[in-house]
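> My questions all concern the structure below.
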Amino acid sequence: MRGSQHKKESDNLLQCIGEKLSKSTDLEQRSLGTSDQQVNLIYLKSVSHSATVNRFVISPFFEMKDEKGFEEYIASFPGSKPSHDIKEILELLLGGHVGIFFSDNKVYLFDAVRVEAGSVADAQTEVIVQGPSDSFNESLEVNLNLIRRRYQSSDLKAETTTIGHKSKTKIAIVYDETRIEPEVLKELKKRLDGISVDILQAAAELDKYLSGNKYRLFPTTIVTERPDRAVFNISEGKIVLLVDTTGFAVVLPAVFNDFFTAMDDKLQVLPVGWFLKGIRYLGLILTVLLPSFYVAFTSYNPEVWKVQIALLVAGSRATVPYPSYVEVLIMLLMMEFLTEASLRLPKAIGPTATTVGGLILGTAATEAGLVSNIMIILVSAVAISNFVIPLNMMGFTIRVVKYPFILLATLFGLLGIVLGLVGVIMYLCSLRSFGKPYFKIFGIDRVRITNSQKERENG
Amino acid sequence: MVKNKYFYYLFLINALINVVNFVPRGLIAQRFSGAMMAIVISVPIGLLLMYLCIKMMSKFPGEGIPEIFNANYPKPVTKFMLFGHTLLWYIAGLITLIAFVDVTMRYITSDVSPLLIMVGFLVVVCLAIRVTAESILYALEVVIIINVPIIIYVLFKALLNPMFSWDAVMQVITYSLKAPSYGSISYATFIFTGYLNLAVFNRAFKKIRVRHIWMIGVVGFLVLIASVLIPIGYQGTIGVERHVYPWFSTADVLRTKNFIVERVLFFFYFTYLTLSLVSSIVHWHVALEMLKGVFLTEEKKKRKIDPEWWMILAFCIVAFFAMRTNQFFRDRAGLLFLDIRLAAEFFLIASVYLAYKRREAKKRE
């Protein structure tokens with residue numbers, strides 16, 4: 001009597017799940033064994049590994065011939081878990097587990113997750129000259145492996161949560177327990193809980209949801225594809241979020257200076273490293289300010305320049321029929337089109353675009369007298385110095401930031417640029433990344449904390 | 001919470017900005033009658049006030065004047081005092097801004113209307129004063145670190161120039177033994193007034209403690225000497241009094257051959273505009289917080305528009321009216337402000353001391 005009741009319950013569960021997953025061609029439902037020793041299998045072919053199922057579930061069943069023994073065999077697998085909650089079972093099935101329904105009413109979920117991810121490839125967006133060149137790939141396990149192998153300490157913790165009502169994206173919070181600041185972790189968890197989206201597909205998206213303020217201009221978390229950067233930041237007391245199905249990790253909290261650090265800076269001799277960093281900041285200043293300085297100096301304050309240069313610019317602009325800000329805007333927009341086009345074009349056509357755009361357009365425009373020669377030099381300098389910034393997120397921000405400066409220079413001249421500078425400095429200083437100040441000229445505070453901790457750890 | 005080093009920046013910003021706030025003008029006017037002595041005397045006075053203020057504020061770690069007053073004084077007294085301080089700080093920022101509109105008109109862009117320039121200033125300043133005290137301190141640090149090398153460059157350029165008349169300087173120094181007036185002492189002590197911003201910025205400090213206070217004295221003395229004597233060295237002992245902004249005229253004298261920019265004035269202008277804006281932000285932040293202490297003592301229910309905006313709007317409207325005044329009035333008002341300021345400083349420190357005594361008495365009960 002009791003047995004039959006149990007039987008009914010288990011059958012109900014199976015039927016219910018079968019209904020929920022109906023109309024899916026990849027649903028696989030099998031009954032194994034004879035009528036008195038019946039085991040039911042249910043799984044999704046697309047996300048479960050069929051070979052694993054065949055080899056470790058189906059074959060052993062027929063070899064054993066004893067349901068009790070088979071149940072123990074299944075239960076002993078790492079990743080197998082018993083469950084009776086329909087919601088949990090459904091979730092795990094969708095995640096790639098195999099549901100095994102035994103005749104004595106036990107239900108086991110067997111881990112046969114199939115992960116389709118490329119192998120560990122070279123870094124694409126953050127290329128460096130020397131140093132490790134592997135990058136994260138789309139599998140969370142592989143990414144964790146890449147980090148664990150570089151950080152072999154029991155202090156390294158990895159907690160997982162899921163985000164996205166539909167996508168159920170797994171997220172691993174990876175950090176060094178002894179070095180992080182607990183408030184940051186608390187704040188992060190609070191914010192992760194607050195995220196309510198259907199689908200999460202990219203690490204950069206996570207960064208957007210985490211920061212709260214939609215209209216913020218600067219990235220306050222680093223999105224990186226380099227395991228060595230992630231590991232370095234973990235050792236500095238930061239938290240790394242690994243997002244399953246994306247090849248990128250999110251590092252937080254970030255400070256402004258982090259975006260100007262390339263991973264091979266540390267490999268260089270110290271003065272060379274300083275020089276490289278100096279160059280990057282110089283590039284930043286040039287790319288943001290050059291166009292607006294051009295507008296301010298040609299339209300408002302030609303007296304700032306030496307006479308020779310003022311005459312040179314005026315001579316070069318003699319044929320240009322419109323004010324300097326129009327000239328600057330036209331050329332900068334052309335440059336933006338060019339960058340954007342060469343980014344999206346198939347590799348085979350790419351060089352053509354640059355040739356047509358850069359060489360022909362530039363030369364022809366000056367010869368036609370639409371744009372001054374100096375303008376062309378300036379635009380190229382702006383474009384090149386923009387690419388000096390090692391992290392893409394910041395690079396894109398800086399691309400946008402120069403336009404407000406041009407507007408200010410058009411309205412106020414030199415004064416406008418100074419206004420803009422003070423405004424940007426104030427804005428940067430008011431930003432916080434998970435409660436930590438984002439922009440400070442000396443990052444000494446953090447280093448000192450880690451040093452004292454290092455001493456403690458070493459005894 | 002920030003480190004104690006940020007206190008030095010608060011001092012430095014005021015010390016550097018004196019050039020715009022009529023301090024050299026006031027002192028140069030009295031160069032034959034005690035300005036030199038005033039400079040010497042101002043150092044101990046300034047340091048003493050600074051020391052007392054730090055001592056008092058360290059008794060209230062993490063608290064600003066509005067909180068201290070509200071907790072320790074009866075309401076009408078608090079409101080009256082806070083309102084008075086609001087006015088002073090507001091005027092301090094306003095003078096800097098208006099003076100800079102004037103400087104911009106005279107030296108940089110005469111094509112832009114002064115009203116538009118003021119709008120530009122106000123937009124930046126008003127958006128910036130709403131952020132936290134910590135953020136303002138960080139920005140202050142950045143701006144000072146960027147600008148101090150430029151200032152040092154200009155100073156070297158000025159002192160190493162063969163046209164600099166050391167004789168004129170020596171002649172003014174011979175008047176050192178004249179007794180100074182109250183006015184000249186109050187102009188000179190403005191250099192050290194930066195510490196007073198602790199009144200609100202103390203909120204960002206854990207427990208303020210300042211080491212090497214004598215260093216501040218040395219730097220302050222050098223800044224004062226430089227800001228009075230360098231214009232005299234270039235424009236002569238008599239000619240110097242004919243300039244409204246002696247320092248900008250002096251910077252315009254200098255020439256550099258190594259950059260694509262020839263006139264040192266532009267470096268100087270860039271430096272001082274950023275410094276003035278940040279200094280106005282500092283002053284107006286204090287003013288805004290004080291004003292909030294007057295009107296928003298107890299937590300009121302959330303309103304649709306933050307009441308801060310009304311205060312900022314009032315700041316802006318007054319600023320536009322102040323633009324309509326003429327040069328003589330501003331000049332007079334600027335120097336009058338410096339006079340009142342010194343007395344107000346004594347008053348503020350005394351009132352904090354009294355608040356401390358009252359708190360201790362309350363504790364004992």
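Just so it is clear, glycine is given a Cβ too, placed from its N, Cα and C backbone atoms.
Found this in TrEMBL, in case it helps:
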type	residues	note
TRANSMEM	B:7-28	transmembrane segment
TRANSMEM	B:34-54	transmembrane segment
TRANSMEM	B:80-100	transmembrane segment
TRANSMEM	B:112-129	transmembrane segment
TRANSMEM	B:136-156	transmembrane segment
TRANSMEM	B:184-201	transmembrane segment
TRANSMEM	B:213-234	transmembrane segment
TRANSMEM	B:266-288	transmembrane segment
TRANSMEM	B:309-329	transmembrane segment
TRANSMEM	B:335-356	transmembrane segment
> With an 8 Å cut-off on Cβ pairs and a sequence gap of 6 or more, do the transmembrane segment (B:213-234) and the transmembrane segment (B:184-201) reach 3 or more such pairs?
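Counting Cβ pairs under 8 Å (6 or more apart in sequence), the transmembrane segment (B:213-234) reaches the transmembrane segment (B:184-201), since there are 3 or more.
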> Would the transmembrane segment (B:112-129) count as touching the transmembrane segment (B:309-329), if touching means at least three Cβ pairs under 8 Å and pairs must be 6 or more apart in sequence?
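Since 3 or more Cβ pairs under 8 Å link them, the transmembrane segment (B:112-129) and the transmembrane segment (B:309-329) do come into contact.
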> By Cβ distance under 8 Å, which residues at least 6 away from the ends of the transmembrane segment (B:266-288) in the same chain are close to it?
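For the transmembrane segment (B:266-288), the far contacts come to 10, 13-14, 16-17, 19-20, 85-86, 89-90, 92-94, 96-97, 99-100, 103-104, 107-108, 121, 124-126, 128-130, 133, 136, 139-140, 143-144, 146-147, 150-151, 153-154, 197, 199-201, 247-248, 251, 308, 311-312, 315.
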> Who are the chain neighbours of the transmembrane segment (B:335-356) in space, where the CB to CB distance is under 8 Å and they lie at least 6 residues beyond its ends?
21-23, 25-26, 49, 52-53, 56-57, 59-60, 65, 68-69, 71-73, 81, 84-85, 88, 91-92, 95, 182-183, 185-187, 189-190, 193, 196, 199
> Do the transmembrane segment (B:136-156) and the transmembrane segment (B:309-329) share at least 3 Cβ pairs closer than 8 Å, excluding pairs fewer than 6 residues apart in sequence?
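Output no: the transmembrane segment (B:136-156) is apart from the transmembrane segment (B:309-329).
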> Which sequence-distant residues neighbour the transmembrane segment (B:7-28)? Criterion: at least 6 residues beyond either end, Cβ under 8 Å.
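Apart from its flanks, the transmembrane segment (B:7-28) reaches 35, 38-39, 50, 54, 92, 95-96, 99-100, 103, 137, 140-141, 144, 147-148, 151, 183-184, 187-188, 190-195, 197-198, 201, 205, 208, 210, 216, 219-220, 223-224, 227-228, 231-232, 240-241, 244-247, 272, 275-276, 278-279, 282, 331, 334-335, 338.
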